[in-house]
Amino acid sequence: MSHDGRSVIAKFRALYGEEPLLFSAPGRVNLIGEHTDYNEGFVLPMAIERRTWIGGRARPDRRIRVHSLDFAEEGELDLNERGRARRGGWSDYIEGMARALDERCGGLQGADLVIGSEIPIGAGLSSSAALEVGVGFALAQLNDHEIGKEELARIGQWVEHEYVGNLCGIMDQLTVALGRAGHAMLIDCRSLEVRYIPFRIERAAVVICDTGVKHELAGTEYNLRRAECERGVELLRRHLPGVHALRDVGMDEFRRYEARLPEPIRRRCRHVVAENARTLAAAAALERGEVEAFGHLMNLSHDSLRDDYEVSCEELDLMVEIARAHDGVWGARMTGGGFGGSTVVLVRGDAVADFSAYVRAEYERRTGRAARVYLVEASDGVRREAL
């Protein structure tokens, strides 16, 4: 069930008897550039208008009380006490952000929080990054601490690594923190430089198709892919001493030395090297409004994720197959970490309604599952909302 800002405010009033301050953080969809972020490469995401909402008020003590509308659960922590062991749930993200900010800001006061989200969990749309960055921003604001949004993104990534056990890159948190309405973001994941590119393809729409298959990014396969890439760098460095990450390897260089890499490391590295090139080409195509070229690059990206990186799954491949069969589609690919979640589809603007109905019917006919289909637009990053 989806929860918006109004439901968060209503629950806060019911629980705490006062008006909250309201904050929100967006989900994100990655248009292209998958599994390149932790290889210091390039990504092209955009923040989306589906958001996580946080209602909050400061407390005079050091306790943080949280009510989650999405899980119908409550949690509490005392910043004066030592952190508890990881529990594997939504509260890990909140405790991680609170304790990291407490250390960063030199002492944090407590807060009462109510959290609800419009971002489907497990759909590959960064619900966890929205929770991290949103809660971090809310706690900083409630404590009158000035903290940059880029630093909030870095703290969120640290929480994923240390509290959740997911060795993710920085793309999700940075997009949630720095998104801009009407723009995609070309992010250099080494320097963290962001170039905003207006989404000028006026005759095209971005549609998300959720397979309904959930995934856990803390699973072993995600972290294994990172380890395989790091091993590939070690092997390539024997021939290319200046290589520090796969981002430093061009396609011509890779072809020269790929035979010296064992499988499956060869295919993992080939995906990342080619995906970086595709992402830069896609950014250039977006700037020029070349919708067909952009869609073709999306298709190549999915095929590489399926065959070389092996992070797709039967349902994602089927959803892409269904989408590509519609004559209003320019490109379709999985988005997010993989092993379930969603596809992102570039659809002709006047075909969105027909495409959405077609996907729902065809996916249910072939799987017995209901697909959720969303038209999305580029949105602003984390912010305080006016009441």
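Using N, Cα and C of the backbone, Cβ positions are placed for all residues, glycine too.
TrEMBL names GLU34, HIS35, THR36, ASP37 as substrate ligands; from the candidate set TYR222, TYR257, TYR358, TYR363, the record adds TYR222 to that same site.
Listed in sequence order, the recorded positions from ARG28, GLU34, HIS35, ASP37, GLU160, TYR222 having a Cα within 10 Å of the Cα of SER127 (ATP binding site) are ARG28. Around SER128 (ATP binding site), a 10 Å sphere centred on its CB holds 26 further CB atoms from the protein chains shown. With respect to their backbone Cα atoms, LEU125 (ATP binding site) and THR36 (substrate binding site) stand 17 Å from each other. Between the alpha carbons (Cα) of TYR222 (substrate binding site) and GLY122 (ATP binding site) lies a span of roughly 14 Å.
Taking the Cβ of SER68 (ATP binding site) as reference, residues of its chain lying under 8 Å away and at least six apart in sequence are, in sequence order, GLU74, GLY75, TRP90, ILE115, GLY116. According to DSSP, LEU125 (ATP binding site) is assigned to coil rather than to any helix or strand.
The C-beta environment of ALA123 (ATP binding site), restricted to residues of the same chain at least 6 apart in sequence and closer than 8 Å, consists of ILE208, ASP210, LYS214, GLY336, GLY341, SER342, ARG372.
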